[in-house]
Amino acid sequence: MAPCENCRVITEATEERVYKMEIRRETDIDDRYGDLDSRTDSDIPEILPSSDRTPEILKKALSGLSSRWKNWWIRGILTLTMISLFFLIIYMGSFMLMLLVLGIQVKCFHEIITIGYRVYRSYDLPWFRTLSWYFLLCVNYFFYGETVADYFATFVQREEQLQFLIRYHRFISFALYLAGFCMFVLSLVKKHYRLQFYMFAWTHVTLLITVTQSHLVIQNLFEGMIWFLVPISSVICNDITAYLFGFFLGRTPLIKLSPKKTWEGFIGGFFSTVVFGFIAAYVLSKYQYFVCPVEYRSDVNSFVTECEPSEIFQLQSYSLPPFLKAVLRRETVSLYPFQIHSIALSTFASLIGPFGGFFASGFKRAFKIKDFANTIPGHGGIMDRFDCQYLMATFVHVYITSFIRGPNPSKVLQQLLVLQPEQQLNIYKTLKTHLIEKGILQPTLKSEVFSEGLSWISPEKKKKKKTIVHFSKK
């Protein structure tokens, strides 16, 4: 038994020695062919935040307060200001909301890329910032081009130049990306190989986080403003109420990544968000402006929100559970089905959504920064406010496609309008035949439809057939 144990010890020691030799060999290769960044987390320089942007009038008004209460008032005032501006943009319509999403996306991308630039600026990496913004342009061109092709087909059909761009949109997008890829390869410098690939990956992950998620936000918006407003406002409500509960009642730390987060704030935020989402869903479901899909009308050259609300936005009666019947003294309750869906959205916003914030906290700790930027006094950067929103947008999009969305008549119509006239006529004949067979439409003549369901009798042939029948009767 002992010899076997000795053999195992010798084998393990040999394997460890071989492993160390391989690591040393890889290190030599890195030193010879590229820049080996041997810094540990403790070696990463601390990124100093930008100057305080708190307005002077607020500084003077709050000068007598402690730092804790001063921060509380600054956050509160700026929060109310941002909410007021958000209501104003909602009033201005869906197009302004899309521009808002695009602006937030660009700013978030800028904040994350700037962190990478500050960490590695001493290396003077060639073309890093230029290529980062170029890739942002390429990815936006791809995603928003897809959106234009899906929802603006009638407008594109009137412009020949746009028809070319839409027809070859994916090829153009791929060609633009390839140009950036080739520029990156040509910019590689011998002493910076590893760092340049670090930043290449940094840029692409940032694009995945910001551009892809903002595209999903706009897709949700086209389903109806309510699918945009309820999830976003639920995350905002959870952020505010969790902060308030934690500020006044917080005693128990929640997670090490964010020492200021408490269980009291987490639980209080959960119940507050579910109640808020349920009430907000009830109020918004009453108005076509919020529940109808956003569509572009070429005749008025603008976005419209007019429709017959779907079933999930129409009041329905639900039987109450026995214990609620005794408490409320009624058998049924009238609700909008969307209110039930809002519970799922609010639950995700309050239980899973905060993990987007925890993820961002871990990222900031890795680079020894408090906030992504100092864009908003008391709040940090734009990314600090929207770290949970991106995760929420993905969930809402998956939820809609899995449980809500059926075939979109408007989107199908937009696709039909860009077909050739012969293709449109063929679809028209097939659709009419199908509706007649289903009994939805009544044919004018029994002989109007052939058994194949694809052939159609011309008016001249109909006249001939009528004449033949007339003589046969005589």
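In case you wondered, yes, glycine gets a Cβ from its N, Cα and C as well.
Whatever TrEMBL says is automated annotation, not expert-curated.
Residues annotated as transmembrane segment in TrEMBL: 72-104 (among others). With a cut-off of 8 Å between Cβ atoms, the residues of this chain six or more beyond the transmembrane segment (72-104) that come close are 54, 58, 62, 65, 140, 214, 217-218, 221, 225, 228-229, 236, 240, 243, 247, 294, 302-303, 305, 376-379, 382, 386.
Residues or ranges marked as transmembrane segment in TrEMBL: 125-144 (among others).
Tertiary neighbourhood of the transmembrane segment (164-186): same-chain residues 127, 131, 134-135, 137-139, 141-142, 145-146, 148-149, 156, 196, 200, 418, selected by CB-CB distance under 8 Å and a gap of 6+ residues from either end. Per TrEMBL, the feature transmembrane segment maps to 164-186 (among others).
What TrEMBL records for 198-218 (among others) is transmembrane segment.
Long-range Cβ contacts of the transmembrane segment (224-250) within its own chain (Cβ-Cβ under 8 Å, at least 6 residues beyond either end) map to 72, 75, 79, 83, 90, 94, 97, 217, 260-270, 272-273, 276-277, 280-281, 284-285, 289-294, 305, 313, 338, 342, 345-346, 349-350, 353-354, 388-389, 392-393, 395-396, 400. According to TrEMBL, the transmembrane segment annotation covers 224-250 (among others).
If you look up TrEMBL, you'll see 262-284 (among others) marked as transmembrane segment. Outside the transmembrane segment (262-284), and at least 6 residues removed from its termini, the chain residues within Cβ reach (under 8 Å) are 225-226, 229-230, 233-234, 237-239, 241-247, 249-254, 290-291, 335-336, 338-339, 341-343, 345-347, 349-351, 354.
Sequence annotations record features per position, and here TrEMBL assigns transmembrane segment to 338-360 (among others).
Taking residue pairs at least 6 apart in sequence, the transmembrane segment (125-144) and the transmembrane segment (198-218) share three or more C-beta contacts under 8 angstroms.
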